[in-house]
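Some notes on the structure that comes next.
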Amino acid sequence: TDGESTHDEL
Amino acid sequence: MNIFRLAGDMTHLASVLVLLLKIHTIKSCAGVSLKTQELYALVFATRYLDIVTDFISVYNTVMKLIFLGSSFSIVWYIRHHRVVRRSYDKDQDTFRHYLLMIPCMLLALFVHEKFTFKEVMWTFSLYLEAVAILPQLVLLQRTRNIDNLTGQYVFLLGAYRGLYIFNWIYRYFTEPHFVHWITWIAGVVQTLLYADFFYYYFESWKNNVRLQLPA
């Protein structure tokens with residue numbers, strides 16, 4: 001979660 | 001996962017269940033905006049493109065499937081179900097989709113974190129979700145008597161957005177480098193759109209009268 005595109009939220 | 005995030009997701013889930021309950025058991029979609037439901041289906045379809053490329057957790061994948069499945073089935077029910085579609089307030093639900101979709105797409109093309117297809121689609125879904133409730137709010141304002149389930153559906157959706165803001169505040173202080181301006185601004189805008197509704201919702205609850213929004 002550092003601006004990279006791993007979006008762990010819905 | 002923190003308690004605000006979990007509570008937010010559960011409230012979101014509850015809102016969908018309330019709506020499905022109304023449509024499936026009462027066989028009525030009176031007061032429900034098809035425009036808003038179609039926009040939500042588009043929001044989830046464009047946001048969850050990563051469902052096939054990135055694995056985050058079983059929880060994450062299952063929830064994504066639930067939101068995709070429920071939003072498309074709600075749209076199907078309102079458009080095609082033999083009984084349900086007759087209760088749809090077509091003449092009142094006149095908000096034009098493209099007035100929301102086109103500006104959101106343009107904004108996503110110019111304001112995003114990274115210029116890749118998936119990232120622009122994700123950003124578009126954030127902008128679109130922020131305003132997708134507008135056709136529903138307009139319809140509520142036109143509906144004289146808002147039934148309990150429809151009122152609760154909108155209330156739960158608003159509560160879900162509010163809880164996500166607390167989740168971001170919590171994550172900002174507990175996770176290093178957790179900064180997502182686009183998500184946060186879109187989320188705050190979305191929550192603010194509910195402010196007026198919340199006010200009348202609590203007033204009607206306090207005074208124990210039927211919810212009615214002033215025209």
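Easy rule for this one: first residue shown is 1, then count along the chain.
Glycine is treated like the rest: Cβ placed from N, Cα and C.
TrEMBL entries are annotated by machine, without manual review.
Just so it is clear, the model here is predicted, and its values are computed rather than measured.
The annotation signal peptide is assigned in TrEMBL to B:1-31.
Among the features that TrEMBL reports, transmembrane segment is placed at B:55-78 (among others). With a threshold of 8 Å between CB atoms, the same-chain residues lying at least 6 positions outside the transmembrane segment (B:55-78) that come near it are 1, 9, 12-13, 16, 19-20, 23-24, 29, 32, 34, 37-38, 40-41, 43-45, 48, 84-85, 88.
Packing against the transmembrane segment (B:98-115) from elsewhere in the chain are residues 39, 42, 121, 123-124, 127-128, 131-132, 134, 180, 182: each is 6 or more residues past its ends and has a CB under 8 Å from a CB in it. Taken from TrEMBL, the feature transmembrane segment covers B:98-115 (among others).
For B:121-140 (among others), the entry in TrEMBL reads transmembrane segment.
The list of residues near the transmembrane segment (B:152-170) in space but at least 6 beyond its ends in sequence, with Cβ under 8 angstroms from a Cβ of it, reads 2, 4-5, 7-9, 11-12, 14-15, 18-19, 22, 32, 133, 136-137, 140, 178, 180, 183-184, 187-188, 190-191, 194, 197-198, 201. Here TrEMBL flags B:152-170 (among others) as transmembrane segment.
Remote same-chain residues near the transmembrane segment (B:182-202) are listed as 111-113, 123, 126-127, 129-131, 133-134, 137, 140, 151, 154-155, 157-158, 161-162, 164-165, 168, 211-214 (criterion: CB distance under 8 Å, separation of at least six residues from the stretch ends). Residues or ranges marked as transmembrane segment in TrEMBL: B:182-202 (among others).
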